[in-house]
Amino acid sequence: MAKVLAVLYPDPVGGYPPKYARDSIPEITHYPDGSTVPSPEGIDFKPGELLGSVSGELGLRKYLESHGHQLIVTSDKQGPDSVFEKELPTADVVISQPFWPAYLTADLINKAKNLKLAITAGIGSDHVDLNAANEHHITVAEVTYSNSISVAESDVMQVLALVRNFIPAHEIIQQGGWNIADAASRSYDLEGMTVGIVAAGRIGRAVLERLKPFNVKLLYTQRHQLPAEVEKQLGATFVADVKDLAKVVDVAVLCAPLHAQTYHMFDDKLLATMKRGAYIVNDSRGELVDRDAIVRALESGHLAGYSGDVWYPQPAPADHPWRSMPHQAMIPHMSGTSLSAQARYAAGTREILEAFFENKPIRPEYLIAQDGHLAGVGAKSYTVKKGEETPGSGEKE
Ligand code: NDP
């Protein structure tokens, strides 16, 4: 019997289940690269249900208990008295979502003597100290592609929301006003602008594809240039160094994983080289940017807008400066937890658990670390150095 500890975000304030806006979600069978969506032996939920909160339990209870395993679900994750930290030393499997990350620091991993598998229900395993996971031979797996398109859609929405000044205009209406001049005086067309994508992976490429019809100039940067035919199809030009991209873009969309090379990539120095009036959208990880440098650039008017759903730490404290900085369209970490995405990553979590309990291989595209090394997709996306903490794995600000 295994003990599975799932750390999920709290239920809706109005109770569980919520009243759903729709009765069904479209069925997706394949991702854009041709790989199939998760295919567990079965699921015990209806796609479209809220699965990512405590009562949703990622739809796992029936499956786990019918196989004799124990499932503990909690949202209480912070500090030594939390349910998470109390249960962790005897847990065999930890499941956590990046939206409400159970930070698995090196210290906590040391105490988790039984831990064999850490599953990210979603994408992005920087909340796990990957070095420590490797030292303790803990398998780290995530549900690759499950919410990539969800995030790409949200990125595009936020680019438009910033450039068109949508949120302040909406607020004028909610406050009973009609001052078109106020709404229009920060509103521009995206058409003709230069948009730079930082990391054209699954999300970044989907953003490029979705922005192409807006008649914008598309640039991208990452460590490896895409094949020429892919660049042609995307209509995107490669810029080898993020510094050269930052200088020329009107909008930067950050789509890179968080690791030592990308930590605080957008700091005071890089921001100062950007055009006055540039926008940044970051649904990737909060620590890709320097928190206070963003606030300074917005307050001085150097940046025209910043939008994103990723913060550090998460949940963001009530006095986090990004809640009150000007010209922002911040939302809680939710781009990748649409009800549509939840159905996929809950099924993917079950698929990973089935493989683990039946001693079958986990799909390589789901693997981040295994047998003491970065593995599968993780070997391509992350870097680890001995003795170095994974940047997102602590609760620090
Ligand atoms: P992928 O692994 O498909 O793509 C990552 C891309 O990052 C690769 O193309 C890689 O290219 C590039 N990259 C890695 N290191 C660097 C670097 N040092 N400099 C520039 N580019 C780099 O990941 P996804 O697109 O699926 O996801 C990206 C991230 O988005 C996740 O890691 C996660 O943090 C975040 N995310 C956020 C969600 C949300 O709800 N807000 C949900 C899902 C994901 P190359 O190797 O050539 O550099």
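Glycine residues also receive a Cβ, built from the backbone N, Cα and C atoms like all the rest.
Just so you know, TrEMBL annotations are computer predictions that nobody has curated.
Remember, it's a predicted structure, so these values are computed and weren't measured experimentally.
Summarising the annotation, TrEMBL assigns domain 'D-isomer specific 2-hydroxyacid dehydrogenase catalytic' to 62-362. Annotated substrate binding site per TrEMBL: Ile123, Asn147, in sequence order. Residues annotated as NAD(+) binding site in TrEMBL: Ser148, Arg202, Ile203, Pro257, Leu258, His259, Ala260, Gln261, Asp309, His333, Met334, Ser335, Gly336, Ser381. The annotation domain 'D-isomer specific 2-hydroxyacid dehydrogenase NAD-binding' is assigned in TrEMBL to 156-335. What TrEMBL records for Arg285, His333 is site 'Important for catalytic activity'.
Of all the recorded positions given, namely Ile123, Asn147, His333, none has its Cα within 10 Å of the Cα of Leu258 (NAD(+) binding site). Within 10 Å of Gly336 (NAD(+) binding site), as judged by C-alpha distances, the recorded positions found are Ile123, Asn147; the full candidate list was Ile123, Asn147, Arg285. Recorded residues Asn147 (substrate binding site) and Ile203 (NAD(+) binding site) have their alpha carbons 9 Å apart, per Cα-Cα distance. Secondary structure at Gly336 (NAD(+) binding site), taken from DSSP and collapsed to helix, strand or coil, is helix. Among the binding-site residues Asn147, Ser148, Ile203, Ala260, Asp309, Gly336, the residues whose Cβ sits under 6 Å from any atom of ligand 1 are Asn147, Ser148, Ile203, Asp309, Gly336. Neighbour counts of Cβ atoms within 10 Å were compared for the binding-site residues Asn147, Ser148, and the top value is held by Asn147.
Summarising model confidence by region, the domain 'D-isomer specific 2-hydroxyacid dehydrogenase catalytic' (62-362) averages a pLDDT of 97. You'll find the Cα of Met334 (NAD(+) binding site) roughly 12 Å from the Cα of Ile123 (substrate binding site). Checked against Asp309 (NAD(+) binding site) by C-alpha proximity, the recorded positions Ile123, Arg285, His333 yield His333 as the nearest. A distance of 12 Å separates the Cα atom of Arg285 (site 'Important for catalytic activity') from that of Ala260 (NAD(+) binding site). Most other Cβ atoms within 10 A: among the binding-site residues Ile203, Leu258, Ala260, Met334, that distinction falls to Ile203.
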